[in-house]
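Below is one structure, written out as C-alpha coordinates, with a few remarks after it.
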Amino acid sequence: MDGEGGSSGLVKSAAVKLSEMGEKTKQLGTAMRDPHQQRRIILVIVCVALLLDNMLYMVIVPIIPDYLAELESEQAEHVHVVIHPNSSYNSTALDKINRNNLDIQIGVLFASKAILQLLVNPLSGTFIDRVGYDIPLLIGLSVMFVSTCIFAIAENYATLFVARSLQGLGSAFADTSGLAMIADKYTEESERSRALGIALAFISFGSLVAPPFGGVLYEFAGKKVPFIVLACICLADGLMLLTVIKPFSNRTRENMPVGTPIYKLMVDPYIVVVAGALTVCNIPLAFLEPTIANWMETNMHSTQWEMGLAWLPAFFPHVLGVYITVKLAAKHPHLQWFYGALGMVIIGASSCTVPACKTFGQLMLPLCGICFGIALVDTALLPTLAFLVDVRHTSVYGSVYAIADISYSVAYAMGPIVAGQIVHNFGFVQLNLGMGLVNVLYAPALLLLRNVCQMKPSYSERDNLLEEAPQGLYDTIKMEERRAKKKGYSTAGNSLSVDENGFDPFRAQRSLSEESSGPEYT
(Lines of atoms letter the chains of each structure in order from A and count residues from 1; the text may use other names and numbers.)
(Lines give C-alpha, C1' and ligand atoms only; values in the text may rest on other atoms or scores of the structure.)
Protein backbone atom coordinates (compact mmCIF):
# COMPACT_ATOMS: atom_id res chain seq x y z
CA MET A 1 0.00 0.00 0.00
CA ASP A 2 2.85 2.36 0.89
CA GLY A 3 4.51 1.56 -2.45
CA GLU A 4 1.29 2.29 -4.36
CA GLY A 5 0.83 5.58 -2.45
CA GLY A 6 4.43 6.58 -3.20
CA SER A 7 4.11 5.79 -6.91
CA SER A 8 0.80 7.71 -7.19
CA GLY A 9 2.46 10.66 -5.44
CA LEU A 10 5.30 10.58 -7.97
CA VAL A 11 2.79 10.47 -10.84
CA LYS A 12 0.89 13.46 -9.43
CA SER A 13 4.16 15.36 -8.90
CA ALA A 14 5.25 14.63 -12.49
CA ALA A 15 1.84 15.69 -13.81
CA VAL A 16 2.02 18.98 -11.88
CA LYS A 17 5.51 19.69 -13.21
CA LEU A 18 4.44 18.90 -16.78
CA SER A 19 1.44 21.18 -16.36
CA GLU A 20 3.68 23.97 -15.06
CA MET A 21 6.08 23.49 -17.98
CA GLY A 22 3.16 23.58 -20.42
CA GLU A 23 1.89 26.78 -18.85
CA LYS A 24 5.34 28.41 -19.04
CA THR A 25 5.67 27.33 -22.68
CA LYS A 26 2.27 28.84 -23.44
CA GLN A 27 3.25 32.08 -21.69
CA LEU A 28 6.51 32.16 -23.67
CA GLY A 29 4.62 31.62 -26.92
CA THR A 30 2.18 34.41 -26.04
CA ALA A 31 5.06 36.74 -25.16
CA MET A 32 6.81 35.94 -28.45
CA ARG A 33 3.64 36.79 -30.38
CA ASP A 34 3.45 40.18 -28.71
CA PRO A 35 4.86 42.73 -31.20
CA HIS A 36 6.87 44.65 -28.62
CA GLN A 37 8.40 41.51 -27.11
CA GLN A 38 9.06 40.06 -30.55
CA ARG A 39 10.97 43.08 -31.75
CA ARG A 40 13.17 42.92 -28.65
CA ILE A 41 13.99 39.31 -29.48
CA ILE A 42 14.64 40.32 -33.08
CA LEU A 43 17.02 43.02 -31.82
CA VAL A 44 18.90 40.36 -29.81
CA ILE A 45 19.11 38.07 -32.88
CA VAL A 46 20.41 40.88 -35.09
CA CYS A 47 22.91 42.08 -32.47
CA VAL A 48 24.31 38.55 -32.07
CA ALA A 49 24.63 38.25 -35.87
CA LEU A 50 26.52 41.57 -36.05
CA LEU A 51 28.68 40.55 -33.09
CA LEU A 52 29.57 37.26 -34.81
CA ASP A 53 30.37 38.92 -38.12
CA ASN A 54 32.74 41.42 -36.53
CA MET A 55 34.34 38.84 -34.24
CA LEU A 56 34.98 36.59 -37.23
CA TYR A 57 36.36 39.60 -39.10
CA MET A 58 38.88 40.45 -36.36
CA VAL A 59 39.53 37.09 -34.67
CA ILE A 60 41.92 36.13 -37.46
CA VAL A 61 44.19 39.13 -36.77
CA PRO A 62 46.39 37.33 -34.18
CA ILE A 63 45.88 33.86 -35.70
CA ILE A 64 46.36 34.01 -39.45
CA PRO A 65 49.73 35.85 -39.71
CA ASP A 66 51.37 33.39 -37.32
CA TYR A 67 49.66 30.39 -38.93
CA LEU A 68 50.60 31.49 -42.47
CA ALA A 69 54.18 32.16 -41.33
CA GLU A 70 54.42 28.56 -40.10
CA LEU A 71 53.05 27.25 -43.41
CA GLU A 72 55.44 29.52 -45.35
CA SER A 73 58.47 28.41 -43.34
CA GLU A 74 57.61 24.75 -43.82
CA GLN A 75 57.26 25.23 -47.58
CA ALA A 76 60.48 27.29 -47.74
CA GLU A 77 62.44 24.61 -45.87
CA HIS A 78 61.05 21.95 -48.19
CA VAL A 79 61.97 23.97 -51.31
CA HIS A 80 65.44 24.76 -49.94
CA VAL A 81 66.15 21.10 -49.19
CA VAL A 82 64.90 19.93 -52.59
CA ILE A 83 66.58 22.59 -54.74
CA HIS A 84 69.74 23.31 -52.72
CA PRO A 85 70.40 20.23 -50.58
CA ASN A 86 74.14 20.94 -50.12
CA SER A 87 74.48 24.63 -51.06
CA SER A 88 74.98 27.59 -48.72
CA TYR A 89 72.02 29.54 -50.13
CA ASN A 90 71.57 33.08 -48.84
CA SER A 91 68.91 32.42 -46.17
CA THR A 92 68.57 36.13 -45.34
CA ALA A 93 67.51 37.00 -48.89
CA LEU A 94 65.13 34.03 -48.89
CA ASP A 95 63.58 35.15 -45.61
CA LYS A 96 63.11 38.68 -46.96
CA ILE A 97 61.38 37.38 -50.09
CA ASN A 98 59.16 35.11 -48.02
CA ARG A 99 58.31 37.97 -45.66
CA ASN A 100 57.27 40.22 -48.55
CA ASN A 101 55.16 37.44 -50.04
CA LEU A 102 53.58 36.79 -46.65
CA ASP A 103 52.67 40.46 -46.20
CA ILE A 104 50.99 40.52 -49.60
CA GLN A 105 49.11 37.29 -48.86
CA ILE A 106 47.89 38.58 -45.49
CA GLY A 107 46.79 41.89 -47.01
CA VAL A 108 44.85 40.20 -49.82
CA LEU A 109 43.29 37.72 -47.39
CA PHE A 110 42.16 40.46 -45.01
CA ALA A 111 40.76 42.60 -47.83
CA SER A 112 38.98 39.76 -49.69
CA LYS A 113 36.03 39.82 -47.27
CA ALA A 114 35.35 43.53 -47.75
CA ILE A 115 35.91 43.34 -51.53
CA LEU A 116 33.35 40.55 -52.01
CA GLN A 117 30.96 42.31 -49.63
CA LEU A 118 31.38 45.46 -51.72
CA LEU A 119 30.52 43.56 -54.92
CA VAL A 120 27.54 41.64 -53.51
CA ASN A 121 25.85 44.46 -51.56
CA PRO A 122 24.05 46.09 -54.53
CA LEU A 123 22.47 42.72 -55.32
CA SER A 124 21.73 41.79 -51.69
CA GLY A 125 20.05 45.16 -51.07
CA THR A 126 17.69 44.69 -54.01
CA PHE A 127 17.01 41.08 -52.95
CA ILE A 128 16.17 42.18 -49.39
CA ASP A 129 13.76 44.82 -50.70
CA ARG A 130 11.97 42.15 -52.73
CA VAL A 131 11.63 39.31 -50.21
CA GLY A 132 11.79 41.03 -46.83
CA TYR A 133 14.42 40.94 -44.10
CA ASP A 134 14.12 37.55 -42.41
CA ILE A 135 15.11 35.15 -45.22
CA PRO A 136 18.25 37.16 -46.20
CA LEU A 137 19.27 37.24 -42.51
CA LEU A 138 18.95 33.46 -42.36
CA ILE A 139 20.95 33.12 -45.59
CA GLY A 140 23.66 35.35 -44.15
CA LEU A 141 23.88 33.38 -40.89
CA SER A 142 24.02 30.09 -42.82
CA VAL A 143 26.86 31.29 -45.05
CA MET A 144 28.74 32.68 -42.02
CA PHE A 145 28.35 29.31 -40.26
CA VAL A 146 29.83 27.49 -43.26
CA SER A 147 32.62 30.07 -43.51
CA THR A 148 33.51 29.67 -39.82
CA CYS A 149 33.63 25.88 -40.14
CA ILE A 150 35.92 26.15 -43.17
CA PHE A 151 38.22 28.47 -41.19
CA ALA A 152 38.44 25.80 -38.48
CA ILE A 153 39.50 23.00 -40.85
CA ALA A 154 41.56 25.06 -43.33
CA GLU A 155 45.18 23.96 -43.69
CA ASN A 156 46.37 26.04 -46.67
CA TYR A 157 46.11 29.57 -48.01
CA ALA A 158 43.57 28.76 -50.74
CA THR A 159 41.08 27.31 -48.25
CA LEU A 160 41.53 30.30 -45.92
CA PHE A 161 40.89 32.64 -48.87
CA VAL A 162 37.66 30.79 -49.74
CA ALA A 163 36.51 30.97 -46.10
CA ARG A 164 37.29 34.70 -45.88
CA SER A 165 35.48 35.45 -49.16
CA LEU A 166 32.46 33.41 -48.05
CA GLN A 167 32.33 35.50 -44.91
CA GLY A 168 32.01 38.61 -47.10
CA LEU A 169 29.10 36.98 -48.93
CA GLY A 170 27.36 36.16 -45.65
CA SER A 171 27.99 39.63 -44.26
CA ALA A 172 26.44 41.28 -47.32
CA PHE A 173 23.16 39.55 -46.43
CA ALA A 174 23.31 39.39 -42.62
CA ASP A 175 24.56 42.92 -41.87
CA THR A 176 22.32 44.67 -44.39
CA SER A 177 19.14 42.75 -43.56
CA GLY A 178 19.83 43.02 -39.81
CA LEU A 179 20.17 46.81 -39.81
CA ALA A 180 17.20 47.14 -42.18
CA MET A 181 15.08 44.93 -39.90
CA ILE A 182 15.88 47.12 -36.90
CA ALA A 183 14.94 50.26 -38.84
CA ASP A 184 11.70 48.59 -39.95
CA LYS A 185 10.62 47.35 -36.52
CA TYR A 186 11.54 50.53 -34.63
CA THR A 187 9.61 53.24 -36.47
CA GLU A 188 9.81 55.94 -33.78
CA GLU A 189 12.97 58.00 -34.30
CA SER A 190 14.17 57.92 -30.68
CA GLU A 191 13.57 54.16 -30.40
CA ARG A 192 15.25 53.58 -33.75
CA SER A 193 18.34 55.54 -32.66
CA ARG A 194 18.50 53.58 -29.41
CA ALA A 195 18.13 50.21 -31.15
CA LEU A 196 20.74 51.02 -33.81
CA GLY A 197 23.01 52.33 -31.04
CA ILE A 198 22.77 48.97 -29.25
CA ALA A 199 23.62 47.21 -32.54
CA LEU A 200 26.66 49.49 -32.99
CA ALA A 201 27.81 48.67 -29.45
CA PHE A 202 27.74 44.97 -30.34
CA ILE A 203 29.68 45.68 -33.55
CA SER A 204 32.31 47.55 -31.55
CA PHE A 205 32.47 44.85 -28.88
CA GLY A 206 32.97 42.15 -31.52
CA SER A 207 35.70 44.09 -33.34
CA LEU A 208 37.70 45.04 -30.24
CA VAL A 209 37.32 41.87 -28.15
CA ALA A 210 37.91 39.37 -30.97
CA PRO A 211 41.74 39.79 -31.26
CA PRO A 212 42.49 38.99 -27.60
CA PHE A 213 39.78 36.29 -27.64
CA GLY A 214 41.32 34.66 -30.71
CA GLY A 215 44.90 35.13 -29.53
CA VAL A 216 44.34 33.51 -26.12
CA LEU A 217 42.41 30.52 -27.49
CA TYR A 218 44.89 30.07 -30.35
CA GLU A 219 47.80 30.11 -27.91
CA PHE A 220 46.36 27.61 -25.44
CA ALA A 221 43.85 25.53 -27.43
CA GLY A 222 44.93 25.68 -31.08
CA LYS A 223 43.61 27.23 -34.28
CA LYS A 224 40.31 25.34 -34.48
CA VAL A 225 38.82 26.24 -31.09
CA PRO A 226 38.06 29.98 -31.65
CA PHE A 227 36.23 29.20 -34.89
CA ILE A 228 34.32 26.25 -33.38
CA VAL A 229 33.08 28.52 -30.55
CA LEU A 230 31.92 31.17 -33.06
CA ALA A 231 30.29 28.50 -35.26
CA CYS A 232 28.26 27.20 -32.30
CA ILE A 233 27.05 30.73 -31.46
CA CYS A 234 26.14 31.29 -35.12
CA LEU A 235 24.17 28.04 -35.20
CA ALA A 236 22.28 28.97 -32.02
CA ASP A 237 21.44 32.41 -33.45
CA GLY A 238 20.12 30.83 -36.66
CA LEU A 239 17.94 28.40 -34.70
CA MET A 240 16.56 31.29 -32.63
CA LEU A 241 15.73 33.13 -35.86
CA LEU A 242 13.87 30.09 -37.21
CA THR A 243 11.95 29.72 -33.93
CA VAL A 244 10.94 33.35 -33.40
CA ILE A 245 10.45 34.82 -36.87
CA LYS A 246 9.66 31.66 -38.90
CA PRO A 247 11.03 33.03 -42.19
CA PHE A 248 9.47 30.31 -44.35
CA SER A 249 5.95 30.54 -42.95
CA ASN A 250 3.27 31.31 -45.54
CA ARG A 251 2.59 35.01 -45.78
CA THR A 252 1.31 37.26 -48.51
CA ARG A 253 4.06 39.22 -50.27
CA GLU A 254 2.13 40.38 -53.33
CA ASN A 255 1.05 43.63 -51.65
CA MET A 256 4.49 44.37 -50.28
CA PRO A 257 5.50 47.97 -51.10
CA VAL A 258 8.19 48.19 -53.76
CA GLY A 259 11.35 49.77 -52.43
CA THR A 260 13.16 52.53 -54.29
CA PRO A 261 15.83 50.97 -56.56
CA ILE A 262 19.35 51.19 -55.19
CA TYR A 263 20.64 53.14 -58.19
CA LYS A 264 18.11 55.91 -57.43
CA LEU A 265 19.13 55.99 -53.78
CA MET A 266 22.77 56.24 -54.86
CA VAL A 267 22.10 59.52 -56.68
CA ASP A 268 20.11 61.06 -53.83
CA PRO A 269 22.47 63.87 -52.72
CA TYR A 270 21.61 63.52 -49.03
CA ILE A 271 22.21 59.77 -48.99
CA VAL A 272 25.48 60.31 -50.90
CA VAL A 273 26.64 62.78 -48.21
CA VAL A 274 25.84 60.30 -45.42
CA ALA A 275 27.50 57.40 -47.26
CA GLY A 276 30.63 59.47 -47.84
CA ALA A 277 30.79 60.39 -44.16
CA LEU A 278 30.52 56.72 -43.13
CA THR A 279 33.41 55.83 -45.45
CA VAL A 280 35.67 58.74 -44.45
CA CYS A 281 35.14 58.30 -40.69
CA ASN A 282 36.06 54.60 -40.84
CA ILE A 283 39.23 55.12 -42.90
CA PRO A 284 41.48 55.84 -39.84
CA LEU A 285 40.36 52.64 -38.12
CA ALA A 286 40.62 50.56 -41.32
CA PHE A 287 44.07 51.97 -42.21
CA LEU A 288 45.57 51.87 -38.70
CA GLU A 289 44.58 48.28 -37.90
CA PRO A 290 47.07 46.71 -40.37
CA THR A 291 49.87 49.28 -39.83
CA ILE A 292 49.94 50.36 -36.19
CA ALA A 293 51.44 47.13 -34.82
CA ASN A 294 54.64 47.47 -36.89
CA TRP A 295 54.86 51.18 -35.99
CA MET A 296 54.48 50.39 -32.27
CA GLU A 297 57.17 47.71 -32.50
CA THR A 298 59.59 50.01 -34.35
CA ASN A 299 59.04 53.27 -32.47
CA MET A 300 57.91 52.16 -29.02
CA HIS A 301 59.51 48.71 -28.86
CA SER A 302 56.11 47.47 -27.69
CA THR A 303 55.60 43.92 -26.51
CA GLN A 304 53.23 41.47 -28.19
CA TRP A 305 50.56 41.89 -25.52
CA GLU A 306 50.64 45.68 -25.91
CA MET A 307 50.17 45.39 -29.67
CA GLY A 308 47.38 42.86 -29.15
CA LEU A 309 45.54 45.03 -26.62
CA ALA A 310 46.09 48.37 -28.39
CA TRP A 311 42.45 48.74 -29.43
CA LEU A 312 40.75 47.08 -26.46
CA PRO A 313 40.50 50.20 -24.21
CA ALA A 314 38.85 52.05 -27.10
CA PHE A 315 35.72 49.91 -26.65
CA PHE A 316 34.66 51.93 -23.61
CA PRO A 317 34.72 55.41 -25.24
CA HIS A 318 32.94 53.89 -28.24
CA VAL A 319 30.07 52.70 -26.04
CA LEU A 320 30.12 56.07 -24.26
CA GLY A 321 29.86 57.82 -27.63
CA VAL A 322 26.89 55.66 -28.62
CA TYR A 323 25.15 56.38 -25.29
CA ILE A 324 25.72 60.14 -25.48
CA THR A 325 24.54 60.37 -29.09
CA VAL A 326 21.38 58.37 -28.39
CA LYS A 327 20.53 60.61 -25.44
CA LEU A 328 21.23 63.80 -27.40
CA ALA A 329 19.28 62.54 -30.42
CA ALA A 330 16.25 61.87 -28.20
CA LYS A 331 16.27 65.47 -26.94
CA HIS A 332 17.47 67.26 -30.09
CA PRO A 333 16.79 64.99 -33.10
CA HIS A 334 17.18 67.86 -35.57
CA LEU A 335 20.90 68.11 -34.70
CA GLN A 336 21.91 64.64 -35.96
CA TRP A 337 24.03 66.26 -38.66
CA PHE A 338 25.92 68.24 -36.00
CA TYR A 339 26.72 65.14 -33.92
CA GLY A 340 28.13 63.49 -37.04
CA ALA A 341 30.20 66.56 -37.99
CA LEU A 342 31.54 66.85 -34.42
CA GLY A 343 32.52 63.18 -34.52
CA MET A 344 34.47 63.68 -37.75
CA VAL A 345 36.38 66.63 -36.26
CA ILE A 346 37.27 64.51 -33.20
CA ILE A 347 38.42 61.66 -35.48
CA GLY A 348 40.55 64.06 -37.52
CA ALA A 349 42.22 65.63 -34.48
CA SER A 350 42.85 62.24 -32.87
CA SER A 351 44.29 60.76 -36.05
CA CYS A 352 46.76 63.65 -36.40
CA THR A 353 48.07 63.12 -32.85
CA VAL A 354 48.78 59.37 -33.19
CA PRO A 355 52.34 59.76 -34.61
CA ALA A 356 53.29 62.13 -31.75
CA CYS A 357 52.75 59.42 -29.11
CA LYS A 358 55.90 58.00 -27.52
CA THR A 359 54.47 55.47 -25.04
CA PHE A 360 51.69 52.89 -24.95
CA GLY A 361 49.73 54.99 -22.44
CA GLN A 362 49.90 58.09 -24.65
CA LEU A 363 48.73 56.11 -27.68
CA MET A 364 45.56 55.06 -25.88
CA LEU A 365 44.22 58.64 -25.89
CA PRO A 366 44.07 59.24 -29.68
CA LEU A 367 42.86 55.67 -30.34
CA CYS A 368 40.06 56.20 -27.83
CA GLY A 369 39.32 59.54 -29.50
CA ILE A 370 39.05 57.89 -32.93
CA CYS A 371 36.60 55.26 -31.65
CA PHE A 372 34.59 57.88 -29.73
CA GLY A 373 34.28 59.96 -32.90
CA ILE A 374 33.27 56.94 -34.99
CA ALA A 375 30.55 56.20 -32.43
CA LEU A 376 29.18 59.73 -32.81
CA VAL A 377 29.15 59.53 -36.62
CA ASP A 378 27.67 56.03 -36.91
CA THR A 379 25.04 56.49 -34.21
CA ALA A 380 23.90 59.81 -35.69
CA LEU A 381 23.95 58.89 -39.39
CA LEU A 382 22.69 55.28 -39.54
CA PRO A 383 19.20 56.30 -38.27
CA THR A 384 19.39 59.32 -40.60
CA LEU A 385 19.58 56.95 -43.59
CA ALA A 386 16.30 55.32 -42.56
CA PHE A 387 14.80 58.77 -41.93
CA LEU A 388 15.82 59.93 -45.42
CA VAL A 389 14.12 56.89 -46.95
CA ASP A 390 10.99 57.57 -44.88
CA VAL A 391 10.62 61.19 -45.97
CA ARG A 392 11.99 61.06 -49.53
CA HIS A 393 11.40 57.51 -50.78
CA THR A 394 9.49 54.33 -49.90
CA SER A 395 9.92 53.00 -46.34
CA VAL A 396 11.75 49.83 -47.36
CA TYR A 397 15.28 49.78 -45.98
CA GLY A 398 17.25 46.97 -47.64
CA SER A 399 18.89 49.04 -50.36
CA VAL A 400 19.74 52.05 -48.21
CA TYR A 401 21.54 49.88 -45.63
CA ALA A 402 23.26 48.05 -48.48
CA ILE A 403 24.66 51.48 -49.38
CA ALA A 404 25.79 51.91 -45.76
CA ASP A 405 27.48 48.50 -45.89
CA ILE A 406 29.15 49.48 -49.17
CA SER A 407 30.49 52.60 -47.44
CA TYR A 408 32.10 50.52 -44.69
CA SER A 409 33.39 47.96 -47.18
CA VAL A 410 35.16 50.62 -49.27
CA ALA A 411 37.21 51.68 -46.23
CA TYR A 412 38.01 48.13 -45.09
CA ALA A 413 38.76 46.88 -48.61
CA MET A 414 41.34 49.63 -49.14
CA GLY A 415 42.84 49.44 -45.64
CA PRO A 416 44.88 46.21 -45.73
CA ILE A 417 46.13 46.87 -49.30
CA VAL A 418 46.54 50.66 -49.57
CA ALA A 419 47.65 51.58 -46.02
CA GLY A 420 50.86 49.55 -46.16
CA GLN A 421 51.82 51.09 -49.49
CA ILE A 422 51.22 54.63 -48.18
CA VAL A 423 53.37 53.95 -45.10
CA HIS A 424 56.11 52.44 -47.29
CA ASN A 425 56.12 55.32 -49.82
CA PHE A 426 55.30 58.36 -47.68
CA GLY A 427 55.56 57.33 -44.02
CA PHE A 428 53.29 56.65 -41.05
CA VAL A 429 53.13 60.34 -40.06
CA GLN A 430 51.88 61.40 -43.49
CA LEU A 431 49.26 58.64 -43.47
CA ASN A 432 47.77 59.89 -40.19
CA LEU A 433 47.92 63.56 -41.13
CA GLY A 434 46.18 62.79 -44.43
CA MET A 435 43.42 60.80 -42.75
CA GLY A 436 42.89 63.51 -40.13
CA LEU A 437 42.76 66.26 -42.73
CA VAL A 438 40.22 64.37 -44.87
CA ASN A 439 37.90 63.92 -41.87
CA VAL A 440 38.09 67.58 -40.82
CA LEU A 441 37.52 68.81 -44.37
CA TYR A 442 34.55 66.49 -44.92
CA ALA A 443 32.73 67.54 -41.73
CA PRO A 444 31.19 70.76 -43.21
CA ALA A 445 29.52 68.65 -45.93
CA LEU A 446 27.09 67.38 -43.27
CA LEU A 447 25.63 70.91 -43.14
CA LEU A 448 23.66 69.83 -46.22
CA LEU A 449 21.61 67.56 -43.92
CA ARG A 450 20.56 70.44 -41.68
CA ASN A 451 17.19 71.08 -43.36
CA VAL A 452 16.44 67.36 -43.81
CA CYS A 453 16.95 66.64 -40.11
CA GLN A 454 14.36 69.31 -39.24
CA MET A 455 11.62 67.47 -41.11
CA LYS A 456 9.10 65.67 -38.91
CA PRO A 457 6.88 63.26 -40.84
CA SER A 458 3.46 62.82 -39.24
CA TYR A 459 2.36 59.36 -38.15
CA SER A 460 -1.19 60.47 -37.35
CA GLU A 461 -2.90 58.64 -40.20
CA ARG A 462 -0.97 55.46 -39.55
CA ASP A 463 -1.91 55.53 -35.89
CA ASN A 464 -5.58 56.17 -36.75
CA LEU A 465 -5.81 53.51 -39.42
CA LEU A 466 -3.97 50.76 -37.56
CA GLU A 467 -5.73 49.10 -34.68
CA GLU A 468 -2.65 47.31 -33.35
CA ALA A 469 0.91 48.47 -32.64
CA PRO A 470 3.06 49.39 -35.66
CA GLN A 471 4.69 46.43 -37.40
CA GLY A 472 7.08 48.33 -39.68
CA LEU A 473 7.08 47.33 -43.34
CA TYR A 474 3.60 45.80 -43.36
CA ASP A 475 1.95 48.94 -41.91
CA THR A 476 2.00 50.36 -45.41
CA ILE A 477 0.01 47.45 -46.84
CA LYS A 478 -2.71 47.73 -44.19
CA MET A 479 -2.91 51.50 -44.52
CA GLU A 480 -3.35 51.35 -48.26
CA GLU A 481 -5.99 48.61 -48.08
CA ARG A 482 -8.06 50.52 -45.52
CA ARG A 483 -7.68 53.81 -47.36
CA ALA A 484 -8.96 52.10 -50.53
CA LYS A 485 -12.03 50.74 -48.74
CA LYS A 486 -12.70 54.09 -47.13
CA LYS A 487 -12.47 56.18 -50.30
CA GLY A 488 -13.74 53.56 -52.74
CA TYR A 489 -10.85 53.20 -55.09
CA SER A 490 -8.01 50.75 -55.58
CA THR A 491 -4.56 51.58 -54.28
CA ALA A 492 -3.04 49.86 -57.29
CA GLY A 493 -4.25 52.68 -59.46
CA ASN A 494 -3.52 55.42 -57.01
CA SER A 495 -0.25 57.28 -57.37
CA LEU A 496 0.74 59.52 -54.49
CA SER A 497 2.68 62.55 -55.60
CA VAL A 498 6.00 63.13 -53.96
CA ASP A 499 8.99 63.50 -56.23
CA GLU A 500 11.46 60.80 -55.20
CA ASN A 501 14.50 63.01 -55.32
CA GLY A 502 12.80 66.39 -54.73
CA PHE A 503 13.01 68.19 -51.43
CA ASP A 504 10.00 70.00 -49.99
CA PRO A 505 10.09 70.31 -46.17
CA PHE A 506 6.70 72.05 -46.01
CA ARG A 507 4.98 69.26 -47.88
CA ALA A 508 6.77 66.59 -45.83
CA GLN A 509 5.53 68.17 -42.60
CA ARG A 510 1.88 67.92 -43.56
CA SER A 511 -0.32 65.15 -42.21
CA LEU A 512 -0.11 61.84 -44.04
CA SER A 513 -3.87 62.05 -44.40
CA GLU A 514 -3.28 64.41 -47.34
CA GLU A 515 -2.78 62.35 -50.45
CA SER A 516 0.13 64.45 -51.71
CA SER A 517 2.34 63.89 -48.67
CA GLY A 518 2.97 60.15 -48.85
CA PRO A 519 5.65 58.28 -50.79
CA GLU A 520 4.82 56.61 -54.05
CA TYR A 521 3.72 52.98 -53.97
CA THR A 522 2.98 50.58 -56.77
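Easy rule for this one: first residue shown is 1, then count along the chain.
Each Cβ is built from the backbone N, Cα and C atoms, and glycine gets one as well.
Taken from TrEMBL, the feature domain 'Major facilitator superfamily (MFS) profile' applies to 42-451.
Summarising the annotation, TrEMBL assigns region 'Disordered' to 485-522.
For 41-64 (among others), the entry in TrEMBL reads transmembrane segment.
Sequence annotations record features per position, and here TrEMBL assigns transmembrane segment to 135-154 (among others).
Sequence-distant contacts of the transmembrane segment (195-213) (same chain, at least 6 residues past either end, Cβ-Cβ under 8 Å): 43, 46-48, 50-59, 61-62, 178-179, 182-183, 185-186, 226, 308-309, 311-312, 314-315, 318-319, 322-323, 325-326, 371, 375, 378-379, 382-383. Here TrEMBL flags 195-213 (among others) as transmembrane segment.
Here TrEMBL flags 225-245 (among others) as transmembrane segment.
Below 8 angstroms of C-beta separation, residues 340, 343-344, 347, 350-351, 354, 367, 370-371, 373-374, 377-378, 381, 384-385, 388-389, 392-393, 399-400, 403-404, 406-408, 410-412, 414-415, 418-419, 422, 431-432, 435-436, 438-439, 442, 445-446, 448-449, 452, 501, 503 of the same chain, each at least six residues beyond the ends of the transmembrane segment (265-288), sit close to that stretch. Annotation source TrEMBL lists transmembrane segment at 265-288 (among others).
According to TrEMBL, the transmembrane segment annotation covers 308-326 (among others). The list of residues near the transmembrane segment (308-326) in space but at least 6 beyond its ends in sequence, with Cβ under 8 angstroms from a Cβ of it, reads 62, 193-194, 197-198, 200-201, 204-205, 207-209, 211-212, 215, 289, 292-293, 296, 339, 343, 360, 363-364, 367-376, 378-380.
What TrEMBL lists as transmembrane segment is 338-357 (among others).
According to TrEMBL, the transmembrane segment annotation covers 363-388 (among others).
Annotation source TrEMBL lists transmembrane segment at 400-423 (among others).
Annotation source TrEMBL lists transmembrane segment at 429-449 (among others). For the transmembrane segment (429-449), same-chain residues at least 6 beyond its ends with a Cβ under 8 Å from one of its own Cβ atoms are 269-270, 273-274, 276-277, 280-281, 283-284, 287-288, 291, 336-338, 340-342, 344-345, 347-352, 354-355, 373, 384, 419, 422-423.
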Same-chain residue ranges lying at least 6 outside the transmembrane segment (135-154) that approach it to Cβ under 8 Å: 45-46, 49, 52-53, 56, 60, 124, 127-128, 160, 162-164, 166-167, 169-178, 181, 223-224, 227-228, 230-231, 234-235, 237-238, 241-242, 247-248, 398
Residues of the parent chain within Cβ reach of the transmembrane segment (41-64), under 8 Å, 6 or more residues beyond its termini: 32, 106, 109-110, 113, 137, 140-141, 144, 147-148, 151, 160, 164, 167, 170-171, 174-175, 178-179, 181-182, 185, 195, 198-199, 202-215, 218, 223, 226-227, 230, 233-234, 237, 240-241, 244-245, 289, 308
Positions whose Cβ lies under 8 angstroms from the transmembrane segment (363-388), at least six residues beyond its ends: 179, 183, 189, 192-193, 196-197, 200, 204, 208, 268, 270-271, 274, 277-278, 281-282, 284-285, 288, 296, 300, 310-311, 313-322, 324-326, 329, 336-337, 339-340, 342-347, 349-351, 353-354, 357, 397, 400-401, 403-404, 439, 449, 452-453
